[in-house]
Amino acid sequence: MARYVFITGGVVSSLGKGIAAAALAALLQARGYRVRIRKLDPYLNVDPGTMSPYQHGEVFVTDDGSETDLDLGHYERFTGRSANRHDNITTGRIYRNIIERERRGDYLGATVQVIPHVTDEIKNFITTGNEESDFVLCEIGGTVGDIEAMPFLEAIRQLHNELPRQSVVYMHLTLMPYISSAGELKTKPTQHSVKELQSVGIAPDILLVRADRPIPESERCKLSLFCNVRPSAVIQALDVSTIYDVPIAYHKEGLDSEILSAFGIDSAPEPKMDRWEDIAYRIHHPEGEVTIAIVGKYTGLKDAYKSLIEAVAHGGLANKVKVNIEWIEAEIFEKEDPALFLQKVHGILVPGAFGVRGSEGKIRAIQFARNHKIPFLGICFGMQLACIEAVRNLAGIENASSSEFCETKDSVVGLMTEWLKGDVFEKRTASGNLGGTMRLGAFIAQLKKDSHISKIYGTTSICERHRHRYEVNIHYKDILERFGFVFSGMSPDGVLPEAIEYNNHPWFIGVQYHPELKSRPFDPHPLFSSFIAATVEQSRLF
């Protein structure tokens, strides 16, 4: 039977509950346990798919096409286990499920209430489908004290009494701020956060305390006394230079041992930390450096590109180099010469996005990469714009654009109205809802034999995750191929372009899918490994 660790956060948001959950899962995995991680988000959106990147950050897409919280990306990267739609739920989805049942009459005339109906729905989500897991880690989004989180806290309180003894552990992540004028770390915010948690009937078993400097033993004892936890259960979580140091740091502080002790497990095998130590060594001892430019439109919030940042780092690990990222807001290139920003970088990456804003700037960046033979990777929107750039500047069709931007007879990129998902055709219309209506999840693509991309993958059949509503118009394939482009990846039915490359260039590839979503530190995605390898070669030309 699965054991449950409920992870809550207090004092402030963005403390890193997702990283803490992922790191703990990695430590339990290293001891040989089977671990599942789930994220419960208190917001009323059904999913984050229609939320602004500035509000939410990245939308992480799973193989089964679920649009989820970016923390699921951390879970996958740290554990190597692919998540699915059953690993993330929101208040919006819970309420929608309940209202649908009420309309069907499933509640037999009962008054539908937060307790028991909402809390029961939450508990069902937490406890269903865990037969193959030894531990289930549940991260509760938001901060203790938020009104939106109250039903979730009540649900996990109830589970403590409903599950067998020693089946539930509560871990609370807090912050100990350093007050420079006093020269002290302060415990009071943590005390008040724990008091807030205790007021809803939850007594934390473990305190994971974020701090920017070592916590004195006297302060740990103080937290132990006033928060009613064992001294050994006050774990310091010091700032580290990379998230891949976190599992090692938490193990040294005894987090995994304390978790097992709280469950009454005294004979657990020692964790095998070799691969984490190897990753940490390669990060801290690179054999060189390269610089790439990411030309985006959400660069004001780096969380909008979280998986991309990590995938680039994984490419660096594969090549034993540190990758420096120059973040460039695409709109700058609509006024400034791209050469001022791009002439010294070793690679250019144009990531996914939506909407016309910044598109012309990205097109100019792509043109610069193509003309100056700088390694280029275009992802999703980046591939679409690479096709538009080529049709304009190589084929001479000046009005080439996307139907997403404007009405034009030269729509190189258009709205997909239907596509094959497995054996079923899915259809969309321009007037349909935005939420959950894209081509989402893992799809097979066939790669052209002996193409650059097929050599990178080492195969001609791949399965990658997608998230897009628009697609390159297949009718422009012949035009682009006359000017040196190759449509090197297609959907199995030959209708949807999946990858392009430019023969007159050392490394120029665009893909319609999102390879960053499947990259892992222990298994870097081949496209990013190859892209960074190309930037290493480019750096030798400087």
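Cβ atoms are placed via backbone N, Cα and C, with glycine included.
Marked as CTP binding site by Swiss-Prot: Ser13, Asp146, Ile147, Glu148, Lys186, Thr187, Lys188, Pro189, Thr190, Gln191, Lys222. Note on Lys186 (CTP binding site): other Cβ atoms within 10 Å of its Cβ, all shown chains, come to 14.
For Tyr54, Ala353, Phe381, Gly382, Met383, Gln384, Glu404, Arg469, the entry in Swiss-Prot reads L-glutamine binding site, with the evidence type sequence analysis.
Under the DSSP three-state reduction, Asp71 (Mg(2+) binding site) is assigned to helix. Of all Cβ atoms in the shown protein chains, 26 besides its own fall within 10 Å of the Cβ of Asp71 (Mg(2+) binding site). Positions annotated as Mg(2+) binding site by Swiss-Prot, on the basis of sequence analysis: Asp71, Glu139.
As annotated by Swiss-Prot, domain 'Glutamine amidotransferase type-1' applies to 291-541, with the evidence given as sequence analysis. For the domain 'Glutamine amidotransferase type-1' (291-541), the predicted model reports an average pLDDT of 91.
Swiss-Prot lists Cys380 with the feature active site, nucleophile, giving sequence analysis as the kind of evidence. Of all Cβ atoms in the shown protein chains, 22 besides its own fall within 10 Å of the Cβ of Cys380 (active site, nucleophile).
The feature active site is assigned by Swiss-Prot to His514 (among others). A simple way to gauge crowding: the CB of His514 (active site) has 22 other CB atoms within 10 angstroms, across all the protein chains here. The secondary structure of His514 (active site), as reduced to three states from DSSP, is coil rather than helix or strand.
Taken from Swiss-Prot, the feature active site covers Glu516 (among others).
Glu139 (Mg(2+) binding site) and Lys188 (CTP binding site) are 24 Å apart (CA-CA, integer value). Lys186 (CTP binding site) and Tyr54 (L-glutamine binding site) are 31 Å apart (CA-CA, integer value). Rounded to a whole number, the distance between the Cα atoms of Cys380 (active site, nucleophile) and Glu516 (active site) is 11 Å. Nearest Cα neighbour of Ala353 (L-glutamine binding site) among the listed recorded positions (Ser13, Glu139, Thr190, Lys222, His514): His514. Counting neighbouring Cβ atoms within 10 Å of each of the binding-site residues (Lys188, Lys222, Arg469), the lowest count belongs to Lys188. Gln384 (L-glutamine binding site): 30 other CB atoms within 10 A of its CB, across all protein chains. Site extent for CTP: the farthest pair of Cα atoms among Ser13, Asp146, Ile147, Glu148, Lys186, Thr187, Lys188, Pro189, Thr190, Gln191, Lys222 sits 31 Å apart.
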